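What Swiss-Prot records for Thr236 is FMN phosphoryl threonine, and it gives sequence analysis as the kind of evidence. Summarising the annotation, Swiss-Prot assigns transmembrane segment to 57-77, 127-147, 163-183, 270-290, 297-317, 322-342, 358-378, 381-401 and lists sequence analysis as the type of evidence.
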Amino acid sequence: MGLKHLIEKLEPHFTHGGKLEKYYPLYEAAATIFYTPGQVTRGAAHVRDAIDLKRMMILVWFAVFPAMFWGMYNVGLQTIPALHKLYGTEQLQQVIANNWHYSVAQWLGVSFSADAGWLSMMTLGAVFFLPIYITVFIVGGFWEVLFAIVRKHEINEGFFVTSILFALIVPPTLPLWQAALGISFGVVIAKEIFGGTGRNFLNPALAGRAFLFFAYPAQISGDLVWTAADGFSGATPLSQWASGGGEALVNVATGIPVSWMDAFLGNIPGSIGEVSTLMILIGGAIILFGRVASWRIVAGVMIGMIATATLFNVIGSDTNPMFSMPWYWHLVLGGFAFGMMFMATDPVSASFTDKGKWSYGVLIGVMCVLIRVVNPAYPEGMMLAILFANLFAPLFDYLVVQANIKRRKSRG
């Protein structure tokens, strides 16, 4: 019996009048993973395309894999030296025994020696990242399925993207219950309340992170959360620049100064998926060439960031080191690159019109640098900049449409 035949045999049980009718969204979600729905348009004019919402979301999901895998490796790369800086051999064994992450990693064969290999670092990072991602995926999927069953519509695959994006923009040390709470806020409050996929005006992943930032700031900001070593305190390079300028950039665990190339490659502490600009750009290129993301938004963000950073460089300041940060450092520090490629380009919460996309992107770039520089107490400005621009996206589209209407009327 072929798979397609099995799916067709099960279909009557889930369609109207079947015993499992109320669970049709679950059947439809599973069936369309393997086969395109057999729906046709009712009108004569229609457009045929090989890509649909499911495949678009899966493309974005795969596009973040380079940043995800590097992020897992980097968690181990930052954690093991930090543990050796804090503890001797006997103390380290006791710490490993008292921490379930370390215990699981050791059971999987991870070496905690100072010369541990890349596989040990990758595995250790996976032990921190995968529980967060699995928690977020299950909880986010639960809300998606629940709302689909209650509203009697198909399950949208948006939670595939929302879940992995959310898991990649939080620290590796985030408690699992807070991860569940954050994704619940993002999916329910920022998306489903407004009608679900395609109707939300805020990015759900960023809304969930913003909720955690204001509700539980100690677990998602500060110096204690970015390196997954018990008792270790180390600021991110962005925070270091905010307090002491470019000369203050140093890897706290190793004492080695942080170069621009270190930041570009991702050899720095930070949120799991935001550290490697190189991997982010590789994934971003995939969704740009796949036409899932708009190059106009990306270009607008870069233009706004470069112009604003250059302006602050020219103005200068004797008291605020952030005025001196060049645009190419803004690009590789914090969540700028990840936000630009994967958050700002969200086709639902961004502007729809071509001219609106330019304005939307420029606003994000300007606001990110403005928040970073003018408010050094909160050096990471990309999250708030994108959420702020989400609110203005409908206005940009409205102004573009009204301008087109006036122009056409003036033609006679």
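Quick reminder: no glycine exception, Cβ is built from N, Cα and C everywhere.
Of all Cβ atoms in the shown protein chains, 28 besides its own fall within 10 Å of the Cβ of the residue listed as 'FMN phosphoryl threonine'. The recorded stretches the transmembrane segment (163-183) and the transmembrane segment (57-77) share 3+ CB pairs below 8 A when only pairs 6 or more apart in sequence are counted, and are therefore in contact. For the recorded site, Thr236 (FMN phosphoryl threonine), the DSSP three-state label reads coil. The stretch with the most CB contacts under 8 Å to the transmembrane segment (322-342), chosen from 57-77, 127-147, 270-290, 358-378, is 270-290. Tallying C-beta pairs under 8 angstroms between the transmembrane segment (127-147) and each of 57-77, 270-290, 297-317 places 57-77 first.
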